Amino acid sequence: SLVNRVVSHLVQAIRGKDSFFSSIERYSAGSYYERVKISEPNEFDIMLVMPVPRIQLDESDDTGAYYYVSFKRSPKERGWLKFLEEDGKLSAFKMLDALREIIKQEVKNIKDVEVTVARKKAGSPAITLQIKNPPSEISMDIILTLEAQHSWPHSTQSGLKIEQWLGKKVRRELRLESLYLVAKQNKREKVLRGNTWRLSFSHIEKRMINNHGNSKTCCESNGPKCCRKGCLKLLKYLLEQLKMKYPKELEKFCSYHVKTAFLHSCVTWPNDSDWHLGHLDDCFQQCLRFFVDSLQKSQLTHFFIPQYNLFSLEDKAKHHFLSRKISHELNNGFPVFHE
């Protein structure tokens, strides 16, 4: 409720402060809203989604995930023009900066709650807020997101291989959903200009995780229950615990890595009977072995963009470090869960 109060206040203020941002909408993503948060709900991802008129996408590298955004024709809403570079590209950096300024001013006006804006993290697509909530603190990432009525780019053509798991019809429906782009710096650019956008599928992931059954009644009130969400929670929790133990060695890893491995596991074992509620232990270990295998090969394919490897080959040593730590946990009854 605290987070909702802060977000509602900010969304209203942002819409009122700058007519350009008047169409911004809140979308809640991440593990808390997918009901797969395992420890204290102290981290929240809030996407501020902004509809964008007809755009053109140009790939900024060979991952198929990062794009330059420009307009097909001059937008009716003149406010967009102040965020364009000389070459007509929409600057993620400029938009994020404008939003950050409004939020920095506005948090001072939130009554009864102490909210501060964290320092910028280089290349991060998020504006991070800290909310004092004694005895602890809540961290909230605000992510600026463009919503385009645009067909999914060619790089996604052979991704989302869910035909055996959720069915062809569901795949077709999901691919008709809007395209989301988040303001994310592409580190591979020769000159970092801050004008790249990365495809985001948070809205699709949330739908798949919340409607995860091969039979349409899986985990519904009177339907059979499965352990898929339990597995995802444990995967995230294990990585969280190991990151706390080895912060320096594992800083490159994030929950999106295990979430991707989990989605691939759902495709590898598509039937609800593969995820029987009483088999949580086996299913969790099966998912983990898939992840360890990916780490050993330094190859984790993006679920929606098959040409994009989420593991950078220059981090091989780090992949092997994590694979050794997870194997140790697997073979010794997960001591880290009892520490």
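Every residue, even glycine, has its Cβ placed from backbone N, Cα and C.
Here is what TrEMBL records for this protein:
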- 32-211: domain 'Mab-21-like nucleotidyltransferase' (DOMAIN)
- 227-327: domain 'Mab-21-like HhH/H2TH-like' (DOMAIN)
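DSSP places the residues of the domain 'Mab-21-like HhH/H2TH-like' (227-327) in helix, strand and coil in these numbers: 72 helix, 3 strand, 26 coil. Summarising model confidence by region, the domain 'Mab-21-like nucleotidyltransferase' (32-211) averages a pLDDT of 88.
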